[in-house]
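So that you can see what the record holds, here are the features copied from Swiss-Prot:
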- 4-472: domain 'UvrD-like helicase ATP-binding' (DOMAIN)
- ALA25, SER26, ALA27, GLY28, SER29, GLY30, LYS31, THR32: ATP binding site (BINDING)
- 503-785: domain 'UvrD-like helicase C-terminal' (DOMAIN)
Amino acid sequence: MSEVKLTPEQNEAIHSSGKNILVSASAGSGKTFVMAQRIVEKVKQGIEIDRLFISTFTKKAASELRMRLERDLKKARQESSDENQACRLTLALQNLSNADIGTMDSFTQKLTKTNFNRVNIDPNFRILADQTESDLIRQEVFEQLVESYLSGDDGLNISKEKFEELIKNFSKDRNIAGFQKVVYTIYRFASATENPIKWLENQFLKGFETYKSLIDLSADFSADIKENLLIFFELLETSLTNGVVAKKGAGRDKANLILDNKNELLEAITTKDFATFTELFLSIDTDIRVGSSKDEILSALKKDFSVQKQDLVGSKSKPGEIRKFVDKIKHGQLIEKYQNQAFEIAENLQKFVIEFYQSYLERKKNENAFEYSDIAHFAIEILEENPDIRETLREHYDEIMIDEYQDTSHTQERMLELLSNGHNLFMVGDIKQSIYGFRLADPGLFLEKYKDYAKTENPNQLIRLKENFRSRGEVLTFTNDIFKHLMDEKLGEMTYGKEEALVQGNITDYPVESEKDFYPELLLYKENTSDEETDESEVRISDGEIKGAAQEIKKLIEAGVEPKDIAILVRSKSNNNKIEDILLSYDIPVVLDEGRVDFLKSMEVLIMLDVLRAIDNPLYDLSLVAMLRSPLFGFNEDELTRISTQGSHDLRFWDKILLSLNKEGQNPELINPSLENKLKAFYKKFTEWRKLVNQVAIHDLLWKIYTETYYFDYVGALKNGEIRQANLQALAVRAESYESSGYKGLFKFVRLINKFMEQNNDLASVNIKLPQSAVRVMTFHKSKGLEFDYVFLMNLQSRFNDRDLKENVILSRENGLGMKLIADLKDEADVITDFPYALVKMETFPYMVNKDLKQRAALSEEMRVLYVAFTRAKKKLYLVGKIKETDKKSGLDLYDNASLEGKILEDKFRNSSRGFQHWILALQNATKLPIKLNVYTKEELEAEKLEFTSQPDFKKLVEESEKFDNIMAHSDEIQKAQKIMNYEYPHQAATELSSIQTPSQVKKRSYEKQLQVGEIQPKSEFTRVKKLDFSDFGPKKVTAAEIGSATHSFMQYADFSQADLFSFQATLDEMGFDEKIKNQIDIAKILTLFDTDFGQFLSENVDKTVKEAPFSMLRTDEFAKEQYIVRGICDGFVKLTDKIVLFDYKTDRFTSSSAISEIKERYRDQMNLYSEALKKAYDVNQVDKYLILLGGPQQVFVEKLDD
């Protein structure tokens, strides 16, 4: 990117200074490059790098920026002819590791630790990074507080009676889960404000103080209805003149009556006289029927009239927009009567939440463990209350730089205000990619500056980076066409105009002229609902959608596209399991970036949870029997039945086991010797586990169970065994995390897991070693910042998640609380019931206002999510959805009448939660998008699948095989390889000798002289240990073997031609290692290899290097005098014209030259074997052998082995 000529806007963003600058950087515009170059320029100008405050959104982004800066600073130093400037760049490189480049969380932690005394906390605090621990503490505080209120303790803010009313308003029956959810929701929202207690005290009840009646509602409440009325009146007037409504009859009379009352209805809405409007509208008959016509044109007009009238007015059973508004008014008139009751509940809720917040914070102080939000609030308090610290920092930082500014929260914004001197902010972001509203980021902060800075009189500066250097023109044109008709100020929070449109910046790699082959494709699976179960919510993806995408991916791969250049983006990871299974059935390698779902529901984890429950309480029959039936003990149904008959039906199964063991049951003769022995073995092991519960950690207990029962090995042999083993490891790690947080006891751990499962929550997914070139599956959110040649957007017909709009409370920063009220309408005149009460849940006025705000914000964010997804594609975009064959209203004809209102899609399509597909199909009909539409059925899928899996023509196969054999017979390379690969055993007597051995085994046999021929036994590299030392159970720490294996894998995939920190770190990040293992791989030390002559040799001969080279070779055993095959893998070799240079990595630890000599001797025989194999395979006489020693303290050593 640095070699590309700067655009004028990029140049301006790099060099402008002396004012606040907002850079609106569209997708693919090179914002990270711009930010890095600006920092380099600052250093060149004499600003020390530690005088820049650089905030990134994630730790990964900070690491990548730091690596990019190292590369760019080095390059700038090499190119600089100014000695002083070169010195500054050198100093910046030296101080780069100490520069303030990181997340806002990391900065606030540092600030708080440094000034801990100003907020009266211990400087050795820790972060509650584990959700489990914070959940447990919060739960305990909540339960204690609720108990104190329900017990009626003196000195509390709320009486017992009023507190019970508060709980009942949000919870069902005696369950307080609903109330707890409300409290946690408010706590989380308040924590995202810059001062939670202040917000709770001053803003929480603002909505109740502002909106006391219908007339208090803002103009937005009735704005849409006025527009709909005008459309309805115009529809009637047009229909009276064009013959749609007959010249005589009831229809014309009704239409005229409505139009006669037109002015009165509009006046009532304008003056907010909602009672008059409702009374007048309901007195008018709007049921206008127009019938049909034989005239084709008139028939179409009548049909269009009926559709529009239904949307606008509707009927009592199916109300349109105007009737819905009338229902709102009637509801509002009712809620006015109960406003005081609602306000009292809201006040009590405020009191409880404030006390909960303070109690929870006090508990965290006692634990000396805080959430990230707590630390941020401490940092704000330090800066607000201590002018000396604030001014020192303001003087220290020459510039405050913020990446991804569109995702800033109000807490972070306050920090920036306190650190800035008022004219040194440099903010980079893209409002169109603000997609973290669920994390309480506020795009309004960016939007406000975006609009203000655009004004000519504003002293600050707005710079727009519009050129997209990532994508082909077809992707950009399609993206522009979608969003210029979808986004506006009303819905989308901004107008997508000329200034916001993407411009193709890469005209070197991609042509300017469009090519139809690269047009985005809309793949719609036409589902026959009789063939597949249909989920009404349409959250679950159908097999047909995935198979359609899989077949397109298969075509791309067969055309030469690397799987790693393809991504599948999904709304949520709930469909990951199905996507992975279907792609694998097409032989498509796949990586799930966020793992498989339902970890807690996986078979192996469910079994282990039953084991833990049974150990905790053997009287729990379900878990005890499940454990006995499991592979751990393998009791079959017949055996369990025999045990069950030993006691009465109501006797616990554990007691029946004891009766069976003592032959004291009702039917002792059914306990045969085989079953008796099985029970004794179970009892011994099970009671031993129970005794250990109070002696060892749960983590250790789990690993004891895994190893003693061989269950860990058992699941490893099943399908997806590696994933299953990782799940068991994750369960043990979760137990360790639970206990390291200060919690003890199996009972509490089981309770915690049960609570997770009750709430349909899951624990974190697990990472396993992944293929290096595979199709990646990730959520839309996860894809942000990434790019792929080909992108598939799945399940587009899925409805937007609008659950938040149905919750008991909806919060807003300005209005505070909006809540639903449960009121007893027993005494209302029009309520007739025989029950003692008539409870109805109603939306209060603040709830109605907040709900409208939230709905608009949610739909606006969905638009931005779609924008992010579109702009991940470099070459081509595939949109995959579904329509139903038997439901026309869910099919394509629903969009026949879609049109634009001005330049924007009609609100009836935009203001809908029906999903992305709904928007795209409406726009396709309204504007004719540059997209290819492909509708396919299950039958077409199956026919195309046959092309991938059809049986071959065997006659043709034989002919091709003969041709191939002829080619193989004349290939020099193949003949050389066959010298090793095609050796055959001449003797069949060597049955006692392992027929295939590794170099390590060959080496071991060379010094086992005491073995006799008759004593030689087949060896395995893995020896099962039945009893493990207790302290060694489980992977508590990263082992040297794991680090060595990971290091070898890294060296295999690293590109030696680009041996720099930036490239190597990027490779390491892509490899998917566990974070603990990744942190142990010392990239800086590995790079010292390339400072040696041998390292330079490897860099210069990448095209001649073979890595991870497998070999096979026939050897004769010196004792058995029989032949066996040696198979192994050498780390690599360089094939030159006259010789081969062999190298192998070793991670053995050493600190002295004598230790190096020992390592050389240790691996001499192994390297000689590799050398012998290469000589035979390539018919060469010289193989130079080198050990690359990675286990030294500071640098890599290269040692040559003599023959």
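Note: Cβ is positioned from N, Cα and C throughout, glycine not excepted.
The structure, with features from Swiss-Prot marked on it.
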residue	record	Cβ contacts under 8 Å, 6 or more apart
ALA25	ATP binding site	LYS31, VAL34, VAL428, GLY429, ASP430, LEU465
SER26	ATP binding site	ASP430, LYS432, ARG464, LEU465, LYS466, GLU467, ASN468, GLU500, LEU502
ALA27	ATP binding site	ASP430, LYS432, GLN433, ASN468, ARG470, LEU502, TYR867, VAL868, THR871
GLY28	ATP binding site	ASN468, PHE469, ARG470, SER471, LEU502, GLY505, GLU787, THR871
SER29	ATP binding site	LEU465, LYS466, GLU467, ASN468, PHE469, GLY505
THR32	ATP binding site	GLU64, LEU65, ARG68, ASP403
Taking the centroid of the Cβ atoms of ALA25, SER26, ALA27, GLY28, SER29, GLY30, LYS31, THR32 (ATP site), which other same-chain residues have Cβ within 8 Å of it?
VAL34, ASP430, LEU465, ASN468, PHE469
Going by a 10 angstroms cut-off between Cβ atoms, which of the binding-site residues GLY30, LYS31 has the sparsest surroundings?
LYS31
Taking every residue in the domain 'UvrD-like helicase C-terminal' (503-785), the average pLDDT works out to 84
I want to verify one value. Collapsing DSSP to three states, which class is ALA25 (ATP binding site)?
strand
Can you see whether DSSP assigns GLY30 (ATP binding site) to helix, strand or coil?
coil
